[in-house]
Amino acid sequence: MNYRLFFQRKINFGKRLIRLHHSNVLLFLVLSITGFILFSSTFRSLFPSVRVWIRDIHIWVGVLLCLPLLFYLPKMKQHVKTLQKKNNNRINLYFIFMILILLIFSGLLLTYHRLFPPIVSSFSLFIHDLATWFGVPYAIYHSITRSQWFKMVVKTKQPEKRLQEPIIIDDQNPIYRRRTFLKVLSGSIIAIAFLPSMTKWLRAYLPAAGPTETLTDGNRLSPLPLPSANSSPPIGGGKKGEFRYYTVTEIPRLTNENWSFTLNGLVKQPKHYNWSEFVKLQRDVQVSDFHCVTGWSVYDITWEGIPLKKLLQDSVIKKEAKYVKFYSADGVYTDTLSLTQAMQDDIMVAVLLDGKLINQNNGRPVRLIVPKMYAYKSVKWLNRIELIKDDHIGYWEERGYSTDAWVNNS
Ligand SMILES: Nc1nc2c(c(=O)[nH]1)N[C@H]1C(S)=C(S)[C@@H](COP(=O)(O)O)O[C@H]1N2
Ligand SMILES: [Mo]
């Protein structure tokens, strides 16, 4: 009787586990898809207006995933006990559990990124990405090799009948060999499918191995700006980390003919420069960090460019001017700073990065940098600055990003 009771409990537990599995599979799928969309650069330009929604869905589904986990946690000990003789299943359980814990904790830190200095977000994003790069392929592998379909392929003969029986497997059994072969095969296919994007992601964290790729090589206006002594070799010792290249438009094709730089609006001396005039302007060099609100950062970048403060002062600002609006040559992207914010010493209209031309995808020939704020303020392909009276809502702020872009550097 005792035995039967135990058996009964085991079955119920098993059933509950299966149900738990099905809901988790669905949640995990939604998380993978929304996560992929958030990660992908392509999607950024395709559906910018739903980006913030997708982020919120991703966060809330992540929270939802914690619930079944909380129900499961008290029963975990019992579950592990039932797996005492199944080493593989136990390892599988521990692995998935570890991945989930990593994803949840790093996800929490990323959600509350404002409370922490950017180094915490960078680290959390690394962990979140890493756990995803292992977790998603593993989840795919797991669901394939545990599927009825896989078991049927393994036991090609009489699938219907034999499925009912428990699989008895030993080394002599041809099923064992076929199963191992198919497992290795599906594992390899999945690994090969994920490896290229995974190594590309990982490279950003490795010490720079040779010149990093440039997607495109246009926008080389002539004459080339010559780096000053502080810039080349860079006094910051070279940037640490890689930019994730983000754009909401096509990269604008800029030439000496179609590029010009304008500073106008509520100023007494509006400016208009063509490229050869612009490169003659006095430049400064500074070392600063670059933080995207999604969590990645690049450290110790040596920028060479014109301090924004200097440009603004030279144009003699009128009393009514309260905001500074920045325009991109892409014709779409804009952002604003209040005049007080814009007067910070470290804001720069940059033309060189570590003594070299900024990559075209990172804003060549000219980009704004606002080191103390999230990088959505740092307009790429900058070609116009306008002083205005009333606030202007920038591109991403209009689509849900916070108008308070200060990085918590406490
Ligand atoms: N013109 C333009 N500037 C832009 C953006 C953009 O999409 N278009 N993205 C912003 C955001 S959100 C970030 S994080 C940084 C990214 O800079 P990077 O592409 O050089 O890494 O550029 C900012 N400036
Ligand atoms: Mo960003």
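Keep in mind that glycine also has a Cβ here, set from the backbone N, Cα and C atoms.
Owing to the predicted nature of the structure, the values given are computational and were not obtained by experimental measurement.
Annotated features, as they stand in TrEMBL:
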type: DOMAIN; residues: 13-135; note: domain 'Cytochrome b561 bacterial/Ni-hydrogenase'
type: TRANSMEM; residues: 25-47; note: transmembrane segment
type: TRANSMEM; residues: 53-73; note: transmembrane segment
type: TRANSMEM; residues: 93-113; note: transmembrane segment
type: TRANSMEM; residues: 119-141; note: transmembrane segment
type: TRANSMEM; residues: 180-198; note: transmembrane segment
type: REGION; residues: 216-235; note: region 'Disordered'
type: COMPBIAS; residues: 221-234; note: compositional bias 'Low complexity'
type: DOMAIN; residues: 250-396; note: domain 'Oxidoreductase molybdopterin-binding'
Winner by Cβ pairs under 8 Å against the transmembrane segment (93-113), considering only 53-73, 119-141, 180-198 = 119-141
The answer for the transmembrane segment (53-73), taking Cβ pairs under 8 Å and residues 6+ beyond its ends, is 20, 23-24, 27-28, 30-31, 34-35, 37-38, 79, 100, 103-104, 107, 111, 400
Would you list the DSSP helix, strand and coil counts for the residues of the region 'Disordered' (216-235)?
-> 0 helix, 0 strand, 20 coil
Secondary structure tally of the domain 'Oxidoreductase molybdopterin-binding' (250-396) (DSSP, helix then strand then coil) | 23 helix, 59 strand, 65 coil
In the same chain, who gets a Cβ under 8 Å from the transmembrane segment (180-198) while lying at least 6 residues past its ends?
-> 133, 136-137, 140-141, 144-145, 150, 153-154
DSSP assigns the residues of the domain 'Cytochrome b561 bacterial/Ni-hydrogenase' (13-135) as 114 helix, 0 strand, 9 coil
Predicted model, mean pLDDT over the domain 'Oxidoreductase molybdopterin-binding' (250-396) = 97
